Amino acid sequence: MLYWLTSISDGGDAFNLFRYITFRAGGAFFTALIFGFIFGRPLINLLRKRQRFGQPIREDGPESHLETKQGTPTMGGLLILSALTLATLLWARWDNGYVWLVLFVTVSFGLIGFMDDFQKVTKNSHAGVSGRVRLAMGFGIAGIAGAGALLLHPEPLAGQLALPVFKDTLINLSILFIPFCMIVIAGSANAVNLTDGLDGLAIMPVMIAAGTLGVIAYAVGRVDFTSYLDVHYVPGTGEIFVFTSALIGGGLGFLWYNAPPAAVFMGDTGSLALGGALGAIAVATKHEIVLVVVGGIFVVEALSVIIQVAYFKKTGKRVFLMAPIHHHFEKKGWQESQIVIRFWIISLILALIGLATLKVR
């Protein structure tokens, strides 16, 4: 919204700063961060008042969770979503289709998560919205986003899958492009949701991945950068950098209260929204495969559940002591803080590898 102040600028005054994506990204970051700091505690108090028992804790999970996490309120993702949405609307250009695409996916998946969290805390049970209904809604939203991306992408990128590292390599997905987008976005949302099981475990890798994808979005949205890096130019995606900066600011504001011992959990409201956002950004920037690298922690968490369920159905035995895999490490005797920080370190390493794909050709 503030971008429109440039219309009254003569090019030499302070309003001219709003032309620059980097300036507005910084503004979005600090707006979301300050919002989180100011409204975090009041929101937690409200959630604690409204949620009699807090987030239901799995009885078959690690025993320590029943002692340390019982009664902690959930739906803290509302803080991230509110900060993120406000900052994005305030600092991003409203005439940019990619911003609206990513924001649509984020808020829509947040609503699915809110419905799920609401049923859980109301019933004091893990039985929220049924898995099939949740997946159906998620795939529906992702399908709309895929169609939107198809309309926004310029030729010859529309409907194509870009391969990282390989120069000028595109795979024409044709009618499979929208189903592919559905898998990427819905898969990302649910993978982050599975990762959100320990204090601070999901939010930091999400912020690292968002920051990485934000840099990629900024780079592929500039013709000079894409010419130098020899990557595909996707005009308009640079504005996504404002969104990812707001996400990081809101995420840090949330982490202030989610740091161990957590005063609030993000819940499905936050994890589905943030995961969906990562998937949507990857689709918008034509870096879906890079998301698999940058979001490697989420991929491993999701695969651990898939492998565990499939193997147990076939043999009646388990591959892991417990899935998702972070619970396996808990059962092995790792401290919660060890798991969280080590996963953060791995996320940072994967982010650097993901950024390297911009240059390696």
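Note that the numbers count up from 1, one per residue, in the order the chain is shown.
A Cβ is built for glycine as well, from the same backbone N, Cα and C atoms used for every other residue.
Marked as transmembrane segment by Swiss-Prot on the basis of sequence analysis: 27-47 (among others).
According to Swiss-Prot, the transmembrane segment annotation covers 72-92 (among others), on the basis of sequence analysis.
According to Swiss-Prot, the feature transmembrane segment maps to 98-118 (among others).
Per Swiss-Prot, transmembrane segment is recorded for 135-155 (among others).
Summarising the annotation, Swiss-Prot assigns transmembrane segment to 169-189 (among others). Using a Cβ-Cβ cut-off under 8 Å and counting only residues 6 or more beyond its ends in the same chain, the transmembrane segment (169-189) has close neighbours at 105, 109, 135, 138-139, 141-143, 145-147, 149-150, 156-157, 159-163, 232, 271-273, 275-276, 278-280, 282-283, 288, 291, 295, 298, 302.
With a cut-off of 8 Å between Cβ atoms, the residues of this chain six or more beyond the transmembrane segment (200-220) that come close are 21, 25, 192, 226, 229, 231-234, 237-241, 243-245, 247-248, 251-252, 254-255, 258-260, 262, 266, 270-271, 274-275, 277-278, 281-282, 284-287, 290-291, 294-295, 297-298, 326, 339-340, 343-344, 347-348, 351, 354-355, 358. Taken from Swiss-Prot, the feature transmembrane segment applies to 200-220 (among others), supported by sequence analysis.
Sequence-distant contacts of the transmembrane segment (240-260) (same chain, six or more residues past either end, CB-CB distance under 8 Å): 21-22, 24-26, 28-37, 40-41, 44, 76-77, 79-84, 87-88, 91-93, 98-99, 102-103, 199-200, 203-204, 206-207, 210-211, 213-215, 217-218, 221, 266, 270, 274, 277, 281, 284-285, 336-337, 340. Feature annotation from Swiss-Prot assigns transmembrane segment to 240-260 (among others).
Same-chain residues lying 6 or more positions outside the transmembrane segment (263-283) and placing a CB less than 8 Å from one of its CB atoms are 40, 43-44, 47, 55, 69, 72-81, 101-102, 105-110, 112-114, 116-117, 128, 138, 141-142, 145-146, 149, 181, 184-193, 195-196, 202-203, 206, 209-210, 213-214, 217, 240, 243-244, 247, 251, 254, 257, 290-291, 295, 298. Here Swiss-Prot flags 263-283 (among others) as transmembrane segment, drawing on sequence analysis.
Among residues of the same chain six or more beyond the transmembrane segment (289-309), those with a C-beta under 8 A of the stretch's C-beta atoms are 161-164, 184, 187-188, 190-192, 194-195, 205, 208-209, 212-213, 216, 275, 278-279, 282, 318-320, 323-326, 328, 343, 346-347, 350-351, 353-354, 357. What Swiss-Prot records for 289-309 (among others) is transmembrane segment.
Per Swiss-Prot, the feature transmembrane segment maps to 338-358 (among others); the stated evidence is sequence analysis. Remote same-chain partners of the transmembrane segment (338-358), defined as residues 6 or more beyond its termini with a Cβ less than 8 Å from a stretch Cβ, comprise 164-165, 198-201, 204-205, 208-209, 211-212, 215-216, 219, 229, 231, 260, 290, 293-297, 326, 329-330.
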Grab the same-chain neighbours of the transmembrane segment (98-118) for me: Cβ-Cβ under 8 Å, and only residues 6 or more beyond its ends, written as numbers and ranges.
55, 74-75, 77-78, 81, 84-85, 88, 92, 128-129, 134, 137-138, 141-142, 144-145, 148-149, 152, 185, 189, 193, 236-237, 239-240, 242-243, 267-277, 279-281, 284
